[in-house]
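Listed features, source Swiss-Prot:
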ACT_SITE  Asp102  active site
ACT_SITE  Asp287  active site
DISULFID  Cys115-Cys122  disulfide bond
DISULFID  Cys278-Cys282  disulfide bond
DISULFID  Cys321-Cys358  disulfide bond
DOMAIN    84-399  domain 'Peptidase A1'
CARBOHYD  Asn69  N-linked glycosylation site
CARBOHYD  Asn139  N-linked glycosylation site
CARBOHYD  Asn320  N-linked glycosylation site
SIGNAL    1-21  signal peptide
Amino acid sequence: MDRRRMPLWALLLLWSPCTFSLPTRTATFERIPLKKMPSVREILEERGVDMTRLSAEWGVFTKRPSLTNLTSPVVLTNYLNTQYYGEIGIGTPPQTFKVIFDTGSANLWVPSTKCSRLYLACGIHSLYESSDSSSYMENGSDFTIHYGSGRVKGFLSQDSVTVGGITVTQTFGEVTELPLIPFMLAKFDGVLGMGFPAQAVGGVTPVFDHILSQGVLKEEVFSVYYNRGSHLLGGEVVLGGSDPQHYQGNFHYVSISKTDSWQITMKGVSVGSSTLLCEEGCAVVVDTGSSFISAPTSSLKLIMQALGAKEKRIEEYVVNCSQVPTLPDISFDLGGRAYTLSSTDYVLQYPNRRDKLCTLALHAMDIPPPTGPVWVLGATFIRKFYTEFDRHNNRIGFALAR
């Protein structure tokens, strides 16, 4: 395959990508190993990049609907903070790509060899080459997803896609325009949306729906485990069931509150013993593609006030690291049960930071109606609570991770 080589300056700039374990197959369900890598934000923080200036110049890298799309994808994932990636194959023979498994979207896309050399980010990622695949079929329809001030743009193609040992024929995006930020520093190549068909740009049937149509899974569910440790073995996605080795007790299920979205209703947010928000109910999406917990700005300010946190710069609230052991718990009422995060769950400590400040893994995100306002429970929450997404019963299950 004629893949683009990473320029020498890029090799010096970036850390080397990590090698992924191959998926292992069982008789009842499929496992996709995940690895945890430094997020783009962490890389920039360690290099002393001013995130305030970066945000002003490049915008917030949160996906929003394509202006040319007739559907309305949920506006969720902030890929600037994403850390967990798995491996899939596209084509015959398979071409390997590292992707985010993202419940906040429904499309699969990867960079293409047809990406212009003007887009430097394409040069450091694995690129799909259709001529190397005997199972490729041309589609050619335009494909666009907007990200703040940038966009991911290309065209649709069809080929065999292998996920966790299961192969389906899939329409996906070949990306030919890839923004420099955040993808120049991102360790993942593309995104595999695990959302519902109504969220898909271009009316494409999502990968998981194609898998369900084969009837090969024991159950019409998938589950996500994110390791809380700092090592690279970051967790796993299980198709068709869940893995009791990674959770304790039983699942508590909450029905989805919005058709065709992994959205549920939250009936309270407490800091310490005080319920501050959402007693009348708030919409919340459980999003595997987001690293942090996101809330409307007005709600986040109340939480930060209760925690005594200060806004250091755009999208970053901090506390003195010496305060972390004394910070109160934050609890989320989901389906009549409190899911509690301690300060060690929601505070990030960067070892190389010199100002002795710790960052809170909560961000502001304001989404206008009709989609919003909405909260997002990302990896900060999922690391504590093993999560099962049940398509058959339209519900999400939570169990304490271990």
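The count begins at 1 with the first shown residue.
Heads up, the Cβ atoms here are built off N, Cα and C, so glycines get one too.
This view paints the features noted in Swiss-Prot onto the structure.
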residue	record	contacts (Cβ under 8 Å, 6+ apart)
Cys115	disulfide bond	Cys122, Leu127, Gly154, Val175, Thr176, Glu177, Leu178
Asn139	N-linked glycosylation site	Phe155, Leu156, Ser157, Gln158, Thr171
Cys278	disulfide bond	Met266, Lys267, Gly268, Val269, Ser299, Asp333, Trp375
Cys282	disulfide bond	Thr265, Met266, Val269, Ser299, Pro373, Val374, Trp375
Asn320	N-linked glycosylation site	Lys356, Leu357, Cys358
Cys321	disulfide bond	Gln349, Lys356, Leu357, Cys358
The domain 'Peptidase A1' (84-399) [mean pLDDT, rounded to integer]: 93
Secondary structure of Asp287 (active site) (DSSP, helix/strand/coil): coil
Count of other CB atoms lying within 10 Å of the CB belonging to Asp287 (active site): 30
Where Cys122 (disulfide bond) sits in the secondary structure, as DSSP reduces it to three classes: helix
Length of the line joining the Cα atoms of Asp102 (active site) and Asp287 (active site), in Å: 7
